[in-house]
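According to TrEMBL, the feature signal peptide maps to 1-18. Per TrEMBL, transmembrane segment is recorded for 26-44, 56-78, 90-113, 133-153, 173-190, 197-226, 246-268.
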């Protein structure tokens, strides 16, 4: 899974953002997403039923939501309103990314490659790069990556730069999506030995820091990003900022709480099975 995730992340910077007014950029994103879907279908055909129909549906749904957040009119609204931008950002990070990861596309995408390509992908985990990659995709490493990306890009100087320069905006969306893919891979599919307890801790810490950032944005009495000079439906820029903070706070918090509950449930089931085996012996 992590080898295939690495391959996906290589393509992420090019596909992470499409300006609704730039037809060429929109076409590029559409082509890259379509190419990913075609590669997945090719791998699934080779694997047959082993690819899993539900996993395939989840993965394709994740790609579809990615396209919706980047290619729909929402992208144009996000350039005008902070609240729309928050829907776009956290839709990518908390809806599209986990759907892609829950589809567990690793093996299927690898089987879309020729044999030499599969061998090369299998060698990605060797040596120092492999150790660094395993550290980043551990639950705590993934939390740290998510934390740094989220807070750095919401700092006013960087956020303003992203609004003013297309290349910086592309990088912002690329790193948001990449950090989310890493995070959800770490907590939804922890490696053997890492356990669900570490994943649960990572989810808790991520929810906590997201709530802190959301509270700062929502409760601020000043506009953080002057590039947004108005809000939707006649709202002021400050009102739009408060709405954006609430979007980050409530729906996004609910997704992370749901993930924590599911992880805790899995952890308790694992403990019950271990206790049952211990009693049987």
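Note: Cβ is positioned from N, Cα and C throughout, glycine not excepted.
Remember, TrEMBL labels are computer predictions, not curated facts.
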Which bits of the chain, at least 6 residues beyond where the transmembrane segment (197-226) starts or stops, bring a Cβ under 8 A of a Cβ in it? 82, 138-140, 142-143, 146-147, 150-151, 154, 156, 159-160, 163, 183, 186-188, 190, 237-238, 241-242, 244-246, 248-249, 252-253, 256-257, 259-260, 263-264, 267
So what's near the transmembrane segment (246-268) in sequence-distant terms, Cβ-Cβ under 8 Å and 6+ beyond its ends? 83, 86-87, 90, 94-95, 98, 187-188, 195-197, 199-200, 203-204, 206-207, 210-211, 213-215, 217-218
